[in-house]
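Engineer: Just passing along the structure, written as structure tokens.
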């Protein structure tokens, strides 16, 4: 729009979409309005929202505007009107006591138009869901409640959907070296930690793991070569009942040794938390199926730990809290909104679908996972109560777990580089708007954003270390970096490889239906097959992880911004620099992967999405 008459400084505009006579009402999705004045100034009004009614809508000018400095009554009124409507559209809801709150909605169509899936996303999501299940239905397996009788039958189902990594998993799943590898570069790199002292409830001795006096745990611990995975979060969780059969979910402890050739090898497994005669510690020197069954029970426990804590809670549910608080409390012209809105794309709808299709009473997880019964909410509650701010920040998390020097740890290597690139970008953008700490402290909209996150996301638990307010620019930069990293890189790391590592069921069983061995020497291949989940449980699990690993064609990679919320020169330059650094990291990762037997792609910026969108 060109304005031929000078009207002074332009503060806001009104859009009035009147229906044409005899025509049905249509909806508009304006991107932005640019107004050029006679003085040569250009005023930018970002909109990026659906206008579906005939009301007058006001939009505030967004160029170089620090909203906490804006004293114009029209600007204040416009923001108040905008946020007043948003508070009605985005309401908090308690899905279950003790877990992060979510957005109140009754069905996907009740979600505001701006946050719904695109037509492309909707079509592809439904198609992938339908074809996966249809294929299984055609093979007569989705309703088959029988045991597997041989591995070849599992393979025939698996072969209908394969990836290069899932093929590798199928071939190597029994190997100790690959078992250890997965705790660094598989779906759940968040549990393993360096061990400097054995837990009291894991009574492993030198002669159990180092035969003929060839080493000592104390010496290896001092060298930084002993590592521990402790699934204590699952202790006492009531397992599900599936197909009328009681299921079994263990809370194992696993000890690893880094060998001189830099392999992470399991050396001891205890399947329950309390030592007892009927809770033996298993070793690689035990019989083939004693040791393999111990590892299978560990991997099944890891399925529940990963899906509920590492994936659902620490990425999906937190991303929803970040998004709802942003949409309720921060106006469109605010720099924080401009910075974070791309990282909320599709999150609210995908989480609605997760609650209705996966973890509801009739959902796949509730019906077919060992932890899908009463245990689901128990695990989520325990996970939230033990979560810390530092564990969400990968530099601190890696240091706290003592994993700085572990070789061949690509999640760490790529994640730290990605965090640094994001942090530098966030620092540049926010320091452009916030010149000192006082401006952070005085920004009421920013403070309400973090206050709502603390209250509704972390249930006002100060022990988490989550800030209740921001007092410095440094604090703000760190928290926003964490938000972007969580919604992009971290989610990709724990989501994208689900079919790669869980598609071959024996590697990560969704459930197990016989108890673990209580004495050694009595296991067999037949017992292993009887312990595996039934056929229908297996195929529904496979179809679900296939769906959740599938990228849509309207995927937006990290650092790409189809909507031009920023129009100021410096932020726009910072975005280009950000994109260049991400491209540089992608080149480095691709070059490294060429020499790896199992490439690690989940933190490659070209392959990870801007938001939690699947």
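Each Cβ is built from the backbone N, Cα and C atoms, and glycine gets one as well.
What TrEMBL lists as domain 'PLAT' is 1-65. Look at TrEMBL and you will find 26 tagged as Ca(2+) binding site. Marked as site 'Essential for stabilizing binding to COTL1' by TrEMBL: 50. For 64-614, the entry in TrEMBL reads domain 'Lipoxygenase'. The Fe cation binding site annotation in TrEMBL covers 311, 316, 491, 614.
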Engineer: To what whole number does the mean pLDDT across the domain 'Lipoxygenase' (64-614) round?
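Structural biologist: Mean pLDDT, the domain 'Lipoxygenase' (64-614): 94.
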Engineer: Can you tell which of the binding-site residues 26, 491, 614 lies nearest to residue 50 (site 'Essential for stabilizing binding to COTL1') in space, using Cα positions?
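Structural biologist: That would be 26, nearest by Cα distance.
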Engineer: Which residues, in sequence order, are found in the same chain with Cβ within 8 Å of the centroid defined by the Cβ atoms of 311, 316, 491, 614 at the Fe cation site, excluding those residues themselves?
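Structural biologist: For the Fe cation site, the extra neighbours are 312, 315, 319, 350, 494, 495, 548, 612.
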Engineer: Within its own chain, what residues at least 6 apart in sequence put their Cβ under 8 Å from the Cβ of the residue listed as 'Ca(2+) binding site', listed in sequence order?
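Structural biologist: Sequence-distant Cβ neighbours: 19.
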Engineer: What are the DSSP helix/strand/coil residue counts across the domain 'PLAT' (1-65)?
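Structural biologist: Helix, strand, coil within the domain 'PLAT' (1-65): 0 helix, 23 strand, 42 coil.
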Engineer: If you count Cβ atoms within 10 Å of each one, which of the binding-site residues 311, 491 comes out on top?
Structural biologist: 491
Engineer: Mind checking which of 50, 316, 614 has the fewest other CB atoms within 10 A of its CB? They're the recorded positions.
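Structural biologist: The recorded positions 50, 316, 614 were compared, and 50 has the fewest Cβ atoms within 10 Å.
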